[in-house]
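To keep things clear, I will list the structure first and then write my remarks on it.
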Amino acid sequence: MPTIVVLGAGVSGLTCALQLAKRKEHAVTVVAKHMPGDYDIEYTSPWAGANVLPMALEETSRWERRSWPELRRLAIEVPESGIHLQKARVLRRIKDEEAAFKGSLSDGLFVVDPWYKTMMDDFRELDTSELPAGIRSGCEFGSVCINTAVYLPWLVGQCAARGVVFKRAALKHVSEAAALSHTGRRADVVVNASGLQACRLGGVMDATVQPARGQTVLVRNEASPHMMVLSGCDDGDDEMAYTMARGVGGGTILGGTYQKGNWDPNPDPSIAVRIMKRAVDLHPALTGGRGIEALDIIRHGVGLRPLRAAGVRLESERIDGTCVVHNYGHAGWGYQGSYGCAEGVLELIDEELAKPKSKL
Amino acid sequence: MSFLGSAECSTAGNPLSQFTKHVQDDKSLQHDRLVGRGPNGSLGSFRSQTRGTPQDEMMNGFLHQSPGLPEMPLEQQAGPMGNLHIDPNHAVHLRAKSASPPQWAGDFQSTQMAMESAFNAPPGTQFSPDEFAKFQQMGAPGASVSRSSPMPGAAAAGMMGGGMMGMGGMNSSMGGMSYGMMQRPMYQPMTSMYGQQAHMQPPQQQQEPEGKGKGKVVELDDTKWEEQFAQMELHDQDAKPDEALAMEPELNAMDEQLHSETGHGDFESIWRGLQAEREAMADLDVEEDFSKFDSSNFGGDNLNEWGLTNGRIGADPIIQEYLFEEENMFQAANSPFQEGVRIMTEGGNLSLAALAFEAAVQKNPDHLDAWVYLGSAQAQNEKEEAAIRALEHALKIDPNNLASLMGLAVSYTNEGYDSTAYRTLERWLSVRYPQVIAPENLSSAADLGFTDRAQLHDRVTTLFLNAARLAPDGDHMDPDVQVGLGVLFYGAEDYDKAVDCFQAALHSSELGTSNQREQVHLLWNRLGATLANSGRSEEAIAAYEKALAIHPNFVRARYNLGVSCINIGCHAEAAGHLLAALDMHKSVEKSGREKARELLGGDGDATDSHIEAMMTQNRSTTLYDTLRRVFTQMGRRDLAEKVVVGVDPDIFRGEFDF
């Protein structure tokens, strides 16, 4: 009976655990320092928006492609997951045209005529009459917004219903996870979904992983019907303008920033004000024409996206006698790539398990 | 900057009113954590003892670290509390869950300052324009987010549990009114080993709605509360009309409670009620109850045939009772044990031998040797589970039976129960070489964490090396000690050393006692498996063939041969070997059938189908699974689909030689 330990309970780890547990023969244990319900700077997932705005270029689009159908299905069929449908508007500023609309957050989101136009629902380019000032062009498509505060615990529940066991532990070395299966057996495979911590975890120590700091403001005001994102903003290369409305009462997320190498867990008040101003400019309806003083703030947040220089690491490696399948470094697309990456992880695990063992 | 202009006391207009949560709670909560009180820092009684501790200097140091410093590798941290780091973002979560200070918070800022002075709140916990100016000067403070790793394992749960229990006692000095205004303490063991989300969710959800609107943490001194509340009321009247209206109903409710005739009396009963609730919640956190929420109790589908451990790391597997074949011709025999021994020594069919031993123990459940032989036969027959059950049963009769202990150590190693294997080897040594380790000094299963597994391994290895030194070489070398060492090195993936040990064991066995000589085929197989796992497939194959030359019916060696063929890419050959192994299970050999007829005195009963039906229990799923994989790897889905547990290998005879 294949024994698997998943290290990390962020969206990546939980999705892998869930997909693994759907196979009844797998004995799955999730081991993590932080679990849904926690808010901690080391634990990125709760801080995310989150939504689906495809960011990859076509050649690396597999993960997002394979995730979208499931996220969409959850939005439509499983309201208790905390995901709901929401239209998105991606706006390309005149000022960013020279740089071919390559935003700081992504390579592929703002590309004209993007690969995802056939994947997302009802994709259309916006009519000039629909464009705000300063915008060269833009597109609209049906997407989803994920209320992370509801979705992460929902994933835990789905895992628990399929027999996954959860254990809190803070490990210093990835191979320690092999001994932590709830079955008492040595794990056949350890899934390393440690996110940003991959840069400090013994046995991994990936120096190419750094935070991309994202600051947000969560407000009670509503900015429906669209979630919006701009290709850039005047306040700086590492600042962004986007909004999204979390479902099931989750509030509206106003963002943001993309500050590479910045570990600061405290919300910066000046950034917060700029974020709020940009949001109100983007959506005057947010405050009914009034200024940012009319924003009803729930809280300010800071999340550190786990950014890996060469992109996500999805491969297996033998570390100290344990087969480790890495699944970390998703930067800002963790949720929208979660199911696709889990599928990749399962393929690698199947390969490993297919190797028969000799018996003493 | 426009920010400064708007940061006046008008709270509705202060978009940064929520910043207090982040800036102010940094230190206070961290102090609370360090003092080990538990996660809820908002109880005033904790704050009073925060100043001037040595941890302050460290924290101040960290507050001024520049952002952008990469985090220290986890391995280098000195351990729990060794490097004290700020965790300001604990604050965010906890505060967020505690009712966010509503819009009238600003009004209460000044009020709160007055009240908090009574509770020795740390300065700088109130957000104000001056504070912000300071914040700006500090740059972005508190950037370091590396945190002390919480104590691993049970110790942390204990600490948190202690913190939580302590809260019950400490709260007794607080006014009940304050409890009414606060939300209930948060029972959130951060590092509980049984951190079940399902368990934790309900208490949190209860707290949020209650806290809203009342959640301003106002610590009221027993005697002075009326005075303090009056102060609050005054400030309340200064609030902007719309905000005042918003909170009016809540305040009115509080008013009534406070100013009723029997104000104090009501207050007492509220307090008692809350205390009772708190105790009820505290009871929930008693560790035994966690097991209710341990999800290993869910999901019947995921239970394997072994059953589950009790969920503790390094705990031993729960072994179930041996499953006997229903149809067993040896039950009619006079001396099934002797029959079984004869089959084994003659190298006959192992399934047949196992049947004989099953009959023997069914006749006499205390027949120790029969259980030991049964276990050994099943292990060689590639039926690990049955072997373990039989050997464990033997240990119930005689806990010091050496053959059982060694056999179990091997089987547990094969199944991945490393810690159990090492403890079993230790026990073997204490029986065989009590001078090296006395039975009283054995490791216990009780206190094993994940780091301890490596320590256990090293300890047992050292002991075995000590035993080996007692007879370094020559005629007196104990091959079993070498086997034990070999198993230990194999478990640690130290394959080169393991190879040396098994070779030494082989050498002295071949020249040793007859009993030892009978084990030689087992040693060839063990050597082969070690070579195979270190990537030396051709040498492994040679070793297996040596084993099979001695005992052609050695199913395990034949299975291993198949595995090594897969590893070098000879899939068709591998399939042949696996089918041959299955054939040994499935059909009693010609001589076996003859024997069966003999035993049953040639009476009509021993029809072929009758005999076939005798081997339905204890099927080796390993063989079937591996065969299925080989067919898939060969691209033969059609064949793979035919491989179900119990299938007759004969159906493949056309395609493969075996």
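Yeah, the Cβs are placed from backbone N, Cα and C, and that goes for glycine too.
Annotated domain 'FAD dependent oxidoreductase' per TrEMBL: A:4-345, in sequence order.
Within 10 Å of the C-beta of A:Val174 (FAD binding site) we count 23 further C-beta atoms, all protein chains included. Taken from TrEMBL, the feature FAD binding site covers A:Thr44, A:Ser45, A:Val174.
Annotated D-dopa binding site per TrEMBL: A:Arg305, A:Gly332, in sequence order. The Cβ neighbour count for A:Arg305 (D-dopa binding site), using a 10 Å radius over every protein chain in view, is 25.
Cα distances from A:Arg305 (D-dopa binding site) to the binding-site residues A:Thr44, A:Ser45, A:Val174 are smallest for A:Thr44. Among the record's FAD binders, A:Thr44, A:Ser45, A:Val174, no two C-alpha atoms are more than 20 Å apart, and one pair sits at exactly that spread. Each residue contributes its Cα atom, and for A:Gly332 (D-dopa binding site) and A:Val174 (FAD binding site) these two points are 24 Å apart. Each residue in the domain 'FAD dependent oxidoreductase' (A:4-345) has a pLDDT score, and their mean in this model is 94.
The 10 Å shell around the Cβ of A:Thr44 (FAD binding site) contains 25 further Cβ atoms across the protein chains shown.
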